[in-house]
Amino acid sequence: MHRQTPSRALLLCAIAVLSGKAVAEEATKTATASTPVVTPCVATATTGAGAFFDLRPDTAVVVPEGEKPPKGSPVDDYVARGWDYGSNFTLNFCSPVVKEVEDVVGLDKDLWKNVSAYYETKGKIYALGLSDGNLVPRGRKLVLQYTGGSPCGLSDEKNREKRWEVHDGATYKYHEYDDDDDDGEDAESRRASKDKDDDDEDDDKKDKGKEKPETQRRKSATFSFLCDRDPDTPTAASFVGTDPDECAYFFEVRSMHACSIAEPHKPGSVGPGSVFAIIFFIAVLVYVVGGVFYQRTVAHARGWRQLPNYSLWAGIWSFIVDMFTILTSSCGRLIPRRRGYHTLSGSPSGRRHSRDAENRLIDQLDEEWDD
């Protein structure tokens, strides 16, 4: 029982180290979740399996003069045909349009460089919204919205007035309607009451106009991205429609990058490979340190024999050395040698053996000659 105590202590130390690392990783994840970093044109679905979407390859980029465009990135704006609308739309996703725009209706000069969608009609440029990279997954679709474009429509008060207003040239007015059966006195009383109500409404409208300034609506664009897995089909945007006030515009975009993919490894986080490497390193460290401690204190070993399972590792090393020797010698035999005469050995022992052989040959020849 006494011999197992060091091993148990080392095992407890290893478990403590792993637990501390797990706690540190959990604290790091919690801190990261509390302060999320939003990456433009990237989204992760919060429902289901947490699908990951990355539309950055569809963003048209501006190439500085004299430099090569990035591989696989578009360099021109997208164009959506307006069909019956009468104008085509120039777009970019999660970034301002590549082509510079000027004299945008209803926008300050400082905002011209942030326009991400616009159309041109009668020589005037109308912006559909400013750049925004906030992707919102909704089921199998991705939604991107631009806001803050050129002014459009009327305020809510004006729309309400216009909706119930009867123009002066109308042949029918509801306050002039009288039944044939009503008498003149009732008609006169209704007219007087209606005129008073109209005066009160006018006063209320004037008071509201003084208290609340007129609100101004602006154009916006909403893009619905659909997954298209055909690699030969380029990313294309199509115009769907707009509301009667021409304030909200709707587009549909088909792209292979709108399909969900596996979320890549985030910088600063620990991936599966790193976790395996850390566990392996800790296991080797515990094995070596624990083995040395046991061999030195319990087995009283010294030198290389302090290593755990020394005979096993020594045998493996001897096997590797033998295999290396065999392979090198085999390769040496396969090398072709030069043909022809070979240089005789110049050592004294070699010359002595050669002379003895020559003397024996001469003696043998003499005996044969005498016979």
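Positions of Cβ are set from backbone N, Cα and C atoms, glycine also.
As given in TrEMBL:
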- 177-186: compositional bias 'Acidic residues' (COMPBIAS)
- 187-196: compositional bias 'Basic and acidic residues' (COMPBIAS)
- 205-217: compositional bias 'Basic and acidic residues' (COMPBIAS)
- 39-261: domain 'MRH' (DOMAIN)
- 174-219: region 'Disordered' (REGION)
- 1-24: signal peptide (SIGNAL)
- 275-295: transmembrane segment (TRANSMEM)
- 307-327: transmembrane segment (TRANSMEM)
Long-range neighbours of the transmembrane segment (307-327), counting only residues six or more past its ends (CB under 8 A): 287-288, 290-292, 294-295, 301
Average model confidence [pLDDT] within the domain 'MRH' (39-261): 78
